[in-house]
Amino acid sequence: MKISFSPEDEQFRKEVAGWLKTNLTGEFEALRFRGGPGDEHSFPQERKLWEQHMAKAGWTCVGWPEQYGGRGLSINQQVIFNEEYARAGGPGHMSHIGEGLAGPTIIAFGTEAQKQKFLPGIVAGTEYWCQGYSEPGAGSDLANVKTKAALNDAGDQWVINGQKVWTSLAHESDWCFVIARTQPGSVGHKGLSFLLVPMDQSGIEVRPIEQLTATTEFNEVFFDNAVTDADNIVGQPGEGWKIAMALLGFERGVSTLGQQMQFRNELEGIVRIAKENGAAQNPAIRQRIADAWMGLKIMRYNSLRMLSGSEDGSLQREAMIYKLYWASWHADLGKLAMDVLGPDSELLESGPYELTRLQSMYLFTRSDTIYGGTNEIQRNIIAERALGMPKEPKGRQ
Ligand SMILES: Cc1cc2nc3c(=O)[nH]c(=O)nc-3n(C[C@H](O)[C@H](O)[C@H](O)COP(=O)(O)OP(=O)(O)OC[C@H]3O[C@@H](n4cnc5c(N)ncnc54)[C@H](O)[C@@H]3O)c2cc1C
């Protein structure tokens, strides 16, 4: 089993690190280590400019095929790129939903015309995307979506009515991919379609939801006779479930592998504070720091195991434990951070409600075990698909 990177990969690592060292400076210096989970509200416009800067040097969409504007990097090199990006303190990607989800889905299932229309804006960092899946009655039970879409009389536009919720960065997005029910009277995963909808129109209202962190990373999105062109549908009408599930494969896959370096940055910050404030003298804290470090190593080796087992880039059964593992680990790291800070964890640096990075991290990690599939749902997936246990009985017909 191959669990290391080749000399060529290590050479590539130097190239990435060198470019970031030279470029993440000057006007972009303030963005270092900003905009990650829990901090996504900060510097949105500046981060978009940074992405446009990266695009000019060919450092966006690095895993996409070259014919669609990517670099065609191997999975190993994508991991290296993401590791070095996090090590250098590269700001959270404003484009992660476009680059990691919408783009790969359009590449896999879109028409050539859709590829020409939508991919260049993602690569250039000029068009941003959000994900219109969840609804008040459809989260884990996603197939219960009620948002409806129908072609108008002329047959040239879809008309969309309904509501989405928890839509990350909708307020910063130009496009939304929406799962909508296009077959009247259908239930469950039948009769759904996958539509690409422009956000800048009178039929769409975006209402921010204030989170525990007092920031508004996600939103409610209301569709009141919103429209999109008839050909802005990926796949055929009624094929939305198949497309939506394939997209979740991208969400649970390669795009999350590089985040371990960001976790390492956080753990190193916590260890530094523990040394400074004496918490590191506490045997229970020392043990938890050691456990966190081991968890990080396990995540790394599990990633390498997944990569080495996958010549064609498809994800193996090992990938199914990844979301459950990192989400639980990160939630624990948030608690560890607060315990290392001790009473300081309850103090704010400045008023009226400005959280420190670790406080914000702690609160946001409460959501890690929810988004992208809750821990309970991940356990169901592992039980049914990896362990071959009987399927969960369906509550709804
Ligand atoms: C930070 C954040 C960002 C998000 N961004 C987006 C976004 O951009 N776009 C988008 O569409 N959605 C987004 N979501 C929504 C996310 O996908 C949903 O929150 C998630 O799918 C869970 O759905 P729910 O909130 O409706 O909870 P529910 O599905 O109602 O679940 C409630 C509880 O019941 C448990 N449960 C449900 N079904 C089962 C079962 N069958 N077996 C065992 N336990 C079960 C769950 O695990 C959970 O603990 C985001 C969520 C968060 C927290």
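Including glycine, each Cβ sits where the backbone N, Cα and C put it.
In TrEMBL, annotation is done automatically, which means it is predicted and not curated.
Record features, source TrEMBL:
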DOMAIN    6-125  domain 'Acyl-CoA dehydrogenase/oxidase N-terminal'
DOMAIN    130-225  domain 'Acyl-CoA oxidase/dehydrogenase middle'
DOMAIN    238-386  domain 'Acyl-CoA dehydrogenase/oxidase C-terminal'
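Model confidence over the domain 'Acyl-CoA dehydrogenase/oxidase N-terminal' (6-125) stands at 94, taken as the mean pLDDT rounded to a whole number. Broken down by DSSP into helix, strand and coil, the domain 'Acyl-CoA dehydrogenase/oxidase C-terminal' (238-386) contains 114 helix, 2 strand, 33 coil.
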